[in-house]
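A.B. asks: Shown below is the structure under consideration.
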Amino acid sequence: MVRRIASATPMVQSPMSPLGTTYCVRPNPVSLNLQRRPLVIASTDEAKVTIIYAGLLIPGDGEPLRNAALVISDKIIAFVGSEADIPKKYLRSTQSTHRVPVLMPGLWDCHMHFGGDDDYYNDYTSGLATHPASSGARLARGCWEALQNGYTSYRDLAGYGCEVAKAINDGTIVGPNVYSSGAALSQTAGHGDIFALPAGEVLGSYGVMNPRPGYWGAGPLCIADGVEEVRRAVRLQIRRGAKVIKVMASGGVMSRDDNPNFAQFSPEELKVIVEEAARQNRIVSAHVHGKAGIMAAIKAGCKSLEHVSYADEEVWELMKEKGILYVATRSVIEIFLASNGEGLVKESWAKLQALADSHLKAYQGAIKAGVTIALGTDTAPGGPTALELQFAVERGGMTPLEAIKAATANAPLSVGPQAPLTGQLREGYEADVIALEENPLEDIKVFQEPKAVTHVWKGGKLFKGPGIGPWGEDARNPFL
């Protein structure tokens, strides 16, 4: 087995730390060389069979199982069922066994922003003032925290997720699976515009027709006007590695001067965005608040709607008829209400207060109507993402089992055909699995305590558990 070797020294831990044990990671001098390697490359002759025994197994979709077992063979779930029914061939070839109180699929957050700047919500201006290297460092830390907290997948809907995903996938950093839109597409004077800056400054940095020599077109926002510009904008995001396309189809809260009730982009522009994405086997996710934008996004063929603050029965029936996913993002609203708008410009704070009640009624209405829902927070990697499960239950009206389904089994729908088989504990699915020390069906807030997440497997590899170091290495024998 080839490994990048690091020594991990526990540091002083604050009782209030959201991270659990904090480590100082430094390279081992014996392992230093000039060739960058993946963190872990397993040899082909390893057995790679893991058996996990669980007092309670929550499959993601379906009823929980008592006294269950799950077998991971390589990266795939090979068996799920009663521990008495484990095929003997796995018992003979077991590499490792674990016994845990609760086992379930890894969590998803389906509405992240990989901005990595220190003041994202202040009218987006800090995004242009923050060096991408600083953004990358913050995002690396946040992605590590996310995995430790039980989040094995993120959908990024405006940010550097495409670039961070490459670093995670090649083993440079540790984090969840990341499915990114790249930049969110906005019209001029739309939700992705930066009204506090001169138009030339914004268009020079984020305008789709203005990529400079050596410029990757890799920012969190992309301004495009007219059918040819939006077509190019979609193609640029796919070139960058986008797995889903994000469009601002109405005004928003954080954009200082637009109106959340007004639709953005013309029907022709939206149609081209959806068609161009579909040509590359991608779905389109639409930011929408007001009904005009909601209906335009539905008509254009968007398959995932975010926020949907001013919806009614007509909207819910259309979403069910067309198989459209709803991601409510209640957390960001609750967080700002609780802080009295701390960090927001006054215009954004006024808009958030104006739509908060309507958004909650819409969320509750969607749940009662049976709309398919996935959970997302509209926050940054490593943030308080587990709050969304609590709000789904306590504010939205879901049962804990329904909230878990929305955070696991439903979540891959948010990236359409680009999603692998994951989000459920089923045979043939990727082994993105977490273990808990307490039952979330009895207390949904258990996800907010990182220590309650005792084990995390991503793609069959154990990244958190007894004897596992901060980089997913075997801390008991790091030289293997």
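Cβ atoms are placed via backbone N, Cα and C, with glycine included.
Residues annotated as Zn(2+) 1 binding site in Swiss-Prot: His111, His113, Lys246. Residues or ranges marked as Zn(2+) 2 binding site by Swiss-Prot: Lys246, His287, His307. What Swiss-Prot records for Lys246, Asp378 is active site.
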A.B. asks: Starting from the Cβ of His287 (Zn(2+) 2 binding site), draw a 10 Å sphere and report how many other Cβ atoms land inside it.
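C.D. replies: The answer is 31 other Cβ atoms.
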A.B. asks: Quick one: pull the CA-CA distance for His111 (Zn(2+) 1 binding site) versus Asp378 (active site), whole Å only.
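C.D. replies: Rounded to the nearest whole number, the Cα-Cα distance is 5 Å.
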A.B. asks: If I take the alpha carbons of His113 (Zn(2+) 1 binding site) and Asp378 (active site), what is the distance between them in whole Å?
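C.D. replies: Just about 7 Å between their Cα atoms.
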A.B. asks: Return only the integer: C-alpha distance in Å from His287 (Zn(2+) 2 binding site) to Lys246 (Zn(2+) 1 binding site).
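C.D. replies: About 8 Å separates the two Cα atoms.
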A.B. asks: Work through the binding-site residues one by one (His111, His113, Lys246, His307) and point out the residue whose CB has the fewest other CB atoms within 10 angstroms.
C.D. replies: His113
A.B. asks: Long-range neighbours only, meaning 6 or more apart in sequence with Cβ under 8 Å: which ones does Asp378 (active site) have?
C.D. replies: His111, His113, Glu306, His307, Thr329, Ser331, Val332
A.B. asks: An 8 Å radius from the center of the Lys246, His287, His307 Cβ atoms defines the neighbourhood of the Zn(2+) 2 site; name the other residues of that chain inside it, in order.
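C.D. replies: So the extra residues in range turn out to be His111, Leu157, Ala184, His191, Val247, Met248, Ala249, Gly252, Ser285, Ala286, Val288, Leu305, Glu306.
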A.B. asks: Using the CB centroid of His111, His113, Lys246 as the Zn(2+) 1 site centre, which other residues of the same chain sit with their CB within 8 A?
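C.D. replies: Checked against the 8 Å cutoff, the neighbours are Met112, Arg155, Asp156, Leu157, Ala158, Gly159, Ser181, Ala184, Ser285, His287, Glu306, Gly376, Asp378.
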A.B. asks: For His287 (Zn(2+) 2 binding site), what is the secondary structure by DSSP, using just helix, strand and coil?
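C.D. replies: The three-state answer is strand.
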